[in-house]
Every structure is written in C-alpha cells, then in structure tokens.
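Below is one structure, written out as structure tokens; comments come after it.
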C-alpha cells in the first residue's frame, strides 16, 4: 500500500450517520449483522442511529495487521440474511464480500469505505478510496503527544 487514509472518530460518525439516513425507514430491518472486527464499531453506530436492538456478528479472519491472508469463518449468524443489514468498515479486493454474499444472499450489504475492486459487491457505501490506499481506522490508533518542530 502506497498511501494512507486516516479516519478520525468524528469522520466515522459522520459517515455512519450518512449511511444510516440511506437505510431509512428503519422498520424495514430485522437487525444488523456486523462483520468482526472491522464492522463492529460501524455496526454499533448504525444500530444507534436506526434504533435497531437486534445485532449479531459474523466473525471472519482475513487480515494480519496490513497483510491480507486466507479467509477463515470463525462464527456466523444464522439464516440467509433476509431483512438484515450486513455492515463492514470497508470492501477492499472483495474476498470477504464474496464470502458474505454466499453466506447471506438476501442481506443488504453495506460498508463505510469502498475500493474499486470490491465496490460492485456491496449494495451501498459512503466513501470512495483508491485501491492502493491503506485505511487507518480510529480504533487502531491512539492519541499521542507530538513535540513542536522547534523543540521548544
């Protein structure tokens, strides 16, 4: 990855609210399935904005920090996804998205961020990201002191 895109908590909340507004009316949804771990925080934000209490997870391992590896399903929510929103933080190459589509063919699959290779696999997303960009999510970062350039 040659570029980095830094996401702040404020940006994430703004994007999640924008996505939630597109998913109205909320009564059409039985619940949310968050893709662990990237979709957990966006899933909580959507659940709050839409007033949805039924939240489940599908746990898929596909990244080791910044290296993509073989998909492994650790836990899945039951059913075919009918009436459910499936949320992940991003769609990248589409590997996870293909697995999600196979597990939940009737779900409405959304992400906050989408890269070109995976974009056709989701029903909706908020932000376009170039394919060669690594996204730094706020839950992966800490706030640290940065000394002034002058050293004073």
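Cβ coordinates are placed from backbone N, Cα and C, and glycine is handled just like the others.
Quick look at what Swiss-Prot lists:
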BINDING   37, 38, 69, 88, 89, 90, 91, 92, 93, 94, 95, 96  5-phospho-alpha-D-ribose 1-diphosphate binding site
BINDING   69, 92, 93, 94, 95, 96, 134, 135  GMP binding site
BINDING   89  Mg(2+) binding site
BINDING   92, 135  guanine binding site
BINDING   92, 135  xanthine binding site
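Nearest by CA distance to residue 135 (GMP binding site), out of the binding-site residues 89, 93, 95, is 89. Taking CA atoms as the reference points, residue 37 (5-phospho-alpha-D-ribose 1-diphosphate binding site) and residue 96 (GMP binding site) are 12 Å apart.
Counted over every protein chain shown, other Cβ atoms within 10 Å are most numerous around 91 among the binding-site residues 91, 135. Residue 95 (5-phospho-alpha-D-ribose 1-diphosphate binding site) and residue 134 (GMP binding site) have their C-alpha atoms 16 Å apart, to the nearest angstrom.
According to DSSP, residue 95 (5-phospho-alpha-D-ribose 1-diphosphate binding site) sits within a helical segment. Residue 93 (5-phospho-alpha-D-ribose 1-diphosphate binding site) sits 12 Å from residue 134 (GMP binding site), counting Cα to Cα. According to DSSP, residue 37 (5-phospho-alpha-D-ribose 1-diphosphate binding site) sits in a coil region rather than a helix or strand. With a cut-off of 8 Å between CB atoms and residues at least 6 apart in sequence, the same chain places 38, 39, 41, 42, 111, 112, 113, 135, 137 near residue 89 (5-phospho-alpha-D-ribose 1-diphosphate binding site), listed in sequence order. Cβ neighbour count for residue 134 (GMP binding site): 13 (other Cβ atoms within 10 Å of its Cβ, all protein chains included). Long-range C-beta contacts of residue 96 (GMP binding site), restricted to its own chain and to partners at least six residues apart, with a cutoff below 8 Å, comprise 35, 60, 62, 71, 88.
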